[in-house]
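> Annotations per Swiss-Prot:
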| type | residues | note |
| --- | --- | --- |
| ACT_SITE | SER207 | active site, acyl-ester intermediate |
| ACT_SITE | HIS464 | active site, charge relay system |
| DISULFID | CYS84-CYS103 | disulfide bond |
| DISULFID | CYS259-CYS271 | disulfide bond |
| DISULFID | CYS512-CYS533 | disulfide bond |
| CARBOHYD | ASN40 | N-linked glycosylation site |
| CARBOHYD | ASN418 | N-linked glycosylation site |
| CARBOHYD | ASN454 | N-linked glycosylation site |
| SIGNAL | 1-19 | signal peptide |
Amino acid sequence: MNYVGLIIVLSCLWLGSNASDPDDPLLVQLPQGKLRGRDNGSYYSYESIPYAEPPTGDLRFEAPEPYKQKWSDIFDATKTPVACLQWDQFTPGANKLVGEEDCLTVSIYKPKNSKRSTFPVVAHIHGGAFMFGAAWQNGHENVMREGKFILVKISYRLGPLGFASTGDRDLPGNYGLKDQRLALKWIKQNIASFGGEPQNVLLIGHSAGGASVHLQMLREDFGQLAKAAFSFSGNALDPWVVQKGARGRAFELGRNVGCESAEDSASLKKCLKSKSASELVTAVRKFLIFSYVPFAPFSPVLEPSDAPDAILTQDPREVIKSGKFGQVPWAVSYVTEDGGYNAALLLKERKSGIVIDDLNDRWLELAPYFLFYRDTKTKKDMDDYSRKIKEDYLGNQKFDIESYSELQRLFTDILFKNSTQESLDLHRKYGKSPAYAYVYDNPAEKGIAQVLANRTDYDFGTVHGDDYFLIFENFVREVEMRPDEEIISRNFINMLADFASSDNGVLKYGECAFKNNVGSEKFQLLAIYIDGCQNRQHVEFP
């Protein structure tokens with residue numbers, strides 16, 4: 001057994017003898033001391049529990065350090081988790097700065113269920129393009145109402161504070177991913193004290209959270225931290241996830257905040273540490289050339305092999321091909337119009353017309369930023385590719401509301417669907433554990449596309465989050481679930497509960513059992529729609 005495994009086993013044994021007080025379930029004993037949560041009627045909550053030392057001062061742009069402080073008084077675990085400092089896409093107005101730099105916490109939600117003394121655990125990584133988002137933005141009322149598992153929400157560093165990188169050991173990047181991994185270790189070591197089953201941990205996430213799940217799974221020892229993984233509308237091969245050009249952006253960040261004299265990575269890092277966190281994060285706006293485009297200017301990178309605490313040193317494709325990754329059951333999904341998240345802002349109206357009109361003159365300029373190939377090709381190759389994909393999807397049509405649906409399909413394919421298919425293809429060829437997939441088609445009355453376009457008179461189809469927000473409530477919905485959505489919500493929640501506790505990696509949705517893709521000649525895809533589900537085989541994703 002390696003060192004990580006030994007520490008986890010010993011911690012779980014210690015915590016098993018120091019569980020919550022049966023006479024006072026709100027009081028929980030941890031190695032740091034005691035904490036007190038909140039009784040919410042149908043469930044208990046224990047929020048804002050630190051798992052790492054504050055990533056401030058000398059610890060900024062460093063791998064996270066486990067939380068070491070001891071509590072002399074009972075820790076107050078009733079405070080809503082703060083967002084990590086970010087330039088938030090969904091905050092209205094010119095100033096989009098929200099959150100705090102000291103933010104590395106987990107929040108735990110435990111259902112009241114007299115039929116169970118312990119629960120499987122679902123650990124959740126929120127989305128937000130690695131730039132924004134927060135644990136509190138994903139609700140838990142639906143999950144707690146079903147009472148099937150303990151939910152743990154993970155907060156992690158975002159934007160430049162989480163992902164700025166010069167590509168060398170001085171400023172390797174991926175601090176947000178390292179936060180997530182440390183949080184997973186904390187969960188494994190401590191969740192038994194809350195009535196969780198450390199042997200039954202499922203890691204899930206949506207969008208950048210889903211990609212994070214996949215990236216965590218690429219660590220060969222992932223199976224010591226979780227028994228299964230689920231990536232909703234996001235995976236490690238999406239073009240906006242592991243990006244090139246990070247070194248140039250790191251030095252550009254430095255120039256934007258007064259570190260233009262930095263000649264190397266070490267001096268740049270020292271200068272960036274001397275600046276205020278708000279100044280660094282506010283500088284994100286200098287990287288946005290059009291609304292919130294590109295939506296992920298800072299994201300995961302490939303680290304050098306000599307970087308301290310490196311978490312990703314090889315292209316994810318090569319890791320999967322090697323077979324040296326966490327061989328646990330994995331599921332991945334997409335919705336039929338995921339790209340609506342990225343395209344919908346183009347239908348926003350203004351005095352001079354619709355935003356999409358700008359593409360007729362600026363497509364060659366903007367396409368590489370929308371679709372994340374700005375650092376992968378020469379200028380000529382970028383222009384040629386931009387012209388080709390426009391012709392492939394729109395033909396001779398100009399950019400306008402009539403051709404918008406084809407543009408949204410282009411965004412869906414390039415940013416989500418094609419890479420989901422590629423990921424599943426690699427897992428079915430090189431994986432040993434089950435690999436599952438579903439496609440969802442059931443439009444919400446209001447979703448993320450309507451919010452970004454600020455209009456409800458256009459049928460965007462089933463857009464990014466229309467499935468996931470039936471599990472975790474989100475501010476973009478604002479409407480009650482329809483009867484069909486209530487059924488789908490319960491099916492999704494039961495699906496996660498069963499996946500977390502399954503001993504053989506079986507995955508079911510309602511009456512439909514997912515089919516394993518490993519070794520299959522055709523893709524085994526579960527289609528989920530308004531009134532049911534159906535297993536389908538495809539040579540290529542529909």
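Keep in mind that glycine also has a Cβ here, set from the backbone N, Cα and C atoms.
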> For CYS84 (disulfide bond), which of the recorded positions ASN40, CYS259, CYS271, ASN418 has the nearest Cα in space?
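Going through ASN40, CYS259, CYS271, ASN418 one by one, the Cα closest to that of CYS84 (disulfide bond) is CYS271.
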> Counting across all protein chains present, how many other Cβ atoms fall within 10 Å of the Cβ of ASN418 (N-linked glycosylation site)?
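Cβ-Cβ neighbours of ASN418 (N-linked glycosylation site) within 10 Å number 17.
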> Pick the one among the recorded positions SER207, ASN454 whose Cβ has the fewest other Cβ atoms within 10 Å in this structure.
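Lowest Cβ count within 10 Å among the recorded positions (SER207, ASN454) is ASN454.
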> Can you tell me the CA-to-CA distance separating CYS533 (disulfide bond) and the residue listed as 'active site, charge relay system', as a whole number of Å?
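Answer for this pair: 19 Å between alpha carbons.
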> Using Cα coordinates, what distance in whole Å links CYS512 (disulfide bond) and CYS259 (disulfide bond)?
57
> Just to verify: the residue among CYS259, CYS271 with the fewest other Cβ atoms within 10 Å, which of the disulfide-bonded residues is it?
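The disulfide-bonded residues CYS259, CYS271 were compared, and CYS271 has the fewest Cβ atoms within 10 Å.
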> Spatial neighbours of SER207 (active site, acyl-ester intermediate) among the recorded positions ASN40, CYS103, CYS259, CYS271, ASN454, HIS464, defined as Cα within 10 A: which are they?
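Hits: HIS464.
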> Measure the Cβ-based neighbour count of CYS84 (disulfide bond), defined as the other Cβ atoms within 10 Å of its Cβ.
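Excluding its own Cβ, CYS84 (disulfide bond) sees 30 Cβ atoms within 10 Å.
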> For ASN454 (N-linked glycosylation site), identify the closest of the recorded positions ASN40, CYS259, CYS271, judging by Cα separation.
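Minimum Cα distance from ASN454 (N-linked glycosylation site) across ASN40, CYS259, CYS271 lands on ASN40.
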> I'm trying to understand the geometry here, so how far is the Cα atom of CYS103 (disulfide bond) from the Cα atom of ASN418 (N-linked glycosylation site), in Å to the nearest whole number?
34
> As a test of the contact definition, list every same-chain residue at least 6 positions from the residue listed as 'active site, charge relay system' whose Cβ is closer than 8 Å to its Cβ.
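Listed in sequence order: SER207, SER233, VAL335, GLU337, ASP338, GLY339, GLY340, TYR341, PHE416, GLY447, ILE448, ALA449.
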> For each of CYS103, CYS512, count the other CB atoms within 10 A of its CB; which of these disulfide-bonded residues has the top count?
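Within the set of disulfide-bonded residues, the most crowded position is CYS103.
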